[in-house]
């Protein structure tokens, strides 16, 4: 592991900065550094950006449960976030956020709509009453990232990969060798490339960062997210996260991807589920 | 099984009827028949009501993914639903809905906020690419409902129970006998009491209908839903549904409840996850 930067001072912090323009309205710039291939901006990064704006707008700091519907593909460049406070309670507050951009003709196009309830993770009692255990993971040294691809198989060159430090469990890497496992599973060690420790914003990136489980189910195409809901359950301890994604039901051209994120203290810090579409061949 | 009524003609249809009052605005009456104890109106019924209004407003009929944030407790009586169409696409459309009531002083209070994407279940291909199997269920004759409680342990008299035909797996009924299993599991056969066959609206009721998993984890209190997201994955076949709910993580006073709903054709027709609060003792 290389150098570390502080929370508040990393690439994710810089690229999710928002500027209050008027009541509930923020200016933002979608960074090309978080785009996938040459196409859209990464959904987890967008979720972190919207999550940050809502954290600024609402009286509570942390996204306890946040749902995003991805409407159209976001492009690097300027964007506006419009928030609405739905309700302010003692321990939870609820709000919405809409991310909009302008198309080539200058028309406003909505990219993402979010609905979320926020609280204060530090105000929660520390008890854990259930016995869920992290999934089995090989040590990070035995896991593989894009930079480990053999020279004759160049890794796909997404700018996103330079922002993340992600090492996949070889047991879920069959797809990269042309031998998908047939199981709807994907597992990886996850960190930010600049060494910044994880926080709730980083968890919002982590839940949507792994290759789609469809790769291990034998499909190679793009798998756009329709909707993603993440529950942030605890503030993560420093160090790399373990992310496990599973799919039980690929049917009718849609699938769910369930992610669990575990921290170095073996605590389940985030759970998410997304509904995605797959172009069946 | 008793008589059957047709879809469109049952208690759920009658009690989720909405009347268009103006552009995107509907009048509704929350039926006391779906209340829990003497307290709030049932969350799954509210979800079905809001889901029906959105199905009327949006160009697509079926809720593919619907998220509700429960803000304040709903009461039987008049309510207004305000919808907004966020985006209309070829295969999916997205909208929001807000359920509001008036308090004793005449002030408007928002009860539930919903964000959802709708499509057409009948337009999906019929393929199922994964091998998920329904959980093991005893035959319905070996499962138990409130009406099977011994005479000296009167069943809790929620009006809701007269709308549903629900039979719990005895393996998840330890709590009712003072011997909770300690496992975060709840399973039940589920139908509407008037014999109306299930449809997507009934699935929205089913995902929130079982006793909370916390009962089997040894907690007896009320478990209010903060947020619930349901994915409707297929139109259910006629006949009783099997609903299985699991909890992996009860921590810091919050828990998730994951529900799967299977139809008589052994198809996974709905998946849901809710974030709920528990009053820890």
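Each Cβ is built from the backbone N, Cα and C atoms, and glycine gets one as well.
Remember, TrEMBL labels are computer predictions, not curated facts.
These numbers come from a predicted model, not from an experiment.
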Query raised in the report: When TrEMBL marks a stretch as region 'Disordered', which of B:74-102, B:103-131, B:132-160 is it?
Result: B:132-160
Report summary line: Over the domain 'Acyl-CoA thioesterase-like N-terminal HotDog' (B:31-118) the mean pLDDT stands at 96
Query raised in the report: Which residue counts does DSSP give the domain 'Acyl-CoA thioesterase-like C-terminal' (B:147-278) for helix, strand and coil?
Result: 23 helix, 48 strand, 61 coil
Report task. Provide the three-state DSSP residue tally for the domain 'Acyl-CoA thioesterase-like N-terminal HotDog' (B:31-118): helix first, then strand, then coil. Result -> 18 helix, 44 strand, 26 coil
